[in-house]
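**Student:** Feature annotation from Swiss-Prot assigns substrate binding site to G74, D75, Q76, I77, R96. According to Swiss-Prot, the divalent metal cation binding site annotation covers D97.
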Amino acid sequence: MTWTTPDLCDRFPEVAVAEPLFRHFGGRTTFSGPIATVRCVEDNSRIRELASTPGDGRVLVVDGQGSLRQALFGDQIGAQAVANGWAGVLIHGCVRDVEILAGLPLGVLALAACPRRTERRDLGDVDVPVNFAGVAFVPGHWLYADANGVVVAATPLSLEIAGVEH
């Protein structure tokens, strides 16, 4: 049985729902997994580092402070994330190389596209709680994303256990 974010919201009213700010850029529009976080401003050093580690089906949530001046994520980091088993990324900022990202088997949500890359200054924080789009994203909590939106829960959700019928 597959899930949708509307079904999750109906069955689990306690879930947090992100404000509808994000566009899909990846080859997968439906993805979920435990959250890992990065907080950075126009420096993707920590994103690159984390994407090169085993993802184990996690979702990388990046608080880029909503900057639209530089892209935090592109084809190279996207390819690393796929190779290392990440389920997807949610970026409060920009991506680039959108034609290539669209062909990757990876969920990619971001505010917009920007062709300018970041500078790498080795700055940023990993695995810290971040807040944007009206939601607290906590490492280890679960993110569910599809064409309807983004939902966050403290624990994994299962519609099969919940007995929801379609």
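Even glycines carry a Cβ here, placed using N, Cα and C.
Neighbours and distances for these, please.
**Tutor:** Reduced to three states, the DSSP call for G74 (substrate binding site) is coil.
In this structure, D97 (divalent metal cation binding site) belongs to neither helix nor strand by DSSP; it is coil.
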**Student:** Which one is it: of the binding-site residues G74, Q76, I77, whose Cα lies the shortest distance from the Cα of D97 (divalent metal cation binding site)?
**Tutor:** G74
**Student:** I need the least crowded one of these binding-site residues (G74, D75, I77), counting other C-beta atoms within 10 angstroms of each C-beta.
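**Tutor:** Output over binding-site residues G74, D75, I77: least Cβ neighbours within 10 Å is D75.
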